[in-house]
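Novice: So Swiss-Prot has the following annotated:
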type    : residues                    : note
BINDING : Asp11, Asp12, Ser43, Asn101 : divalent metal cation binding site
Amino acid sequence: MTPLRILISNDDGVLAEGVRCLAAAAASRGHKVTVVCPDHERSATGHGLTIHTPIRAERVDELYGPGVTAWSCSGTPADCVKLALSELLAEKPDLVLSGVNHGPNLGTDVFCSGTVAAAMEGTLEGLPALAVSVACFQWRDFQAAAELAMDVAENALADNWPNNLLLNLNIPPCHPEQMGSLRWTRLSIRHYEEQFSRRVDPHSRTYFWLAGEVVKDLETAGDGPRDWPSDVAQIETNSPSLTPIQPDLFWRGDLSALPAACVANQPVR
């Protein structure tokens, strides 16, 4: 295919092996790659933006291989993409990629994900965008995930990539020969048992570490094709999951079920 201009970001930081592997995979296919990533890990920052302190960026091409321009940015993942599109790139990219994330981004966890937020920032700017994650925090072989992400992105661009569509790709922690087939999936709803570890610092001030674990994965976060598995169920079969996401969060349920009292007897203005 014609070489693409690709912007890559993440939330694990510019030194993370996952993003370096993804950048190398894109560059090896002849694409023009620019990496703009946080200067340190910014996991679970969601779509947060930096508005009260300056954002700084510096070139770090030496961290990446040939054909990759790289920037280290002091901001959040969403900041990185915003800054790249507004200030750092000479031309608008054809594609925004985010990842490869060191850990899953499944179900309603996408609302907390810096990885998904970086891709969503591209979607909000009218660009095709894909987030890619390996569904295990301990897995360190990102080559298969990077290559599959590139295959999915290139195929989607060659076929039909609708406006306002973000593709969220999760890949099981196994080698390609052990992996099942890629399928379209729906978002699950993840419920956690929230836990806070209470501690005391040397100045006798109490502080907390947030912890917790998934206690329940519901089948779906909303209506959708019934023959599509949830993303969590797909990963549990050692098969990659591809979930279409959009920025429009409008309620798609029964409008007659909305609490009518909210707007009853309100004066017309």
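Keep in mind that glycine also has a Cβ here, set from the backbone N, Cα and C atoms.
Have a look at these and tell me how they're positioned relative to everything else.
Specialist: Of all Cβ atoms in the shown protein chains, 31 besides its own fall within 10 Å of the Cβ of Asn101 (divalent metal cation binding site).
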Novice: Of these binding-site residues, Asp11, Asp12, which scores lowest on Cβ atoms within 10 Å?
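Specialist: Each of the binding-site residues Asp11, Asp12 was scored; lowest Cβ tally within 10 Å is Asp12.
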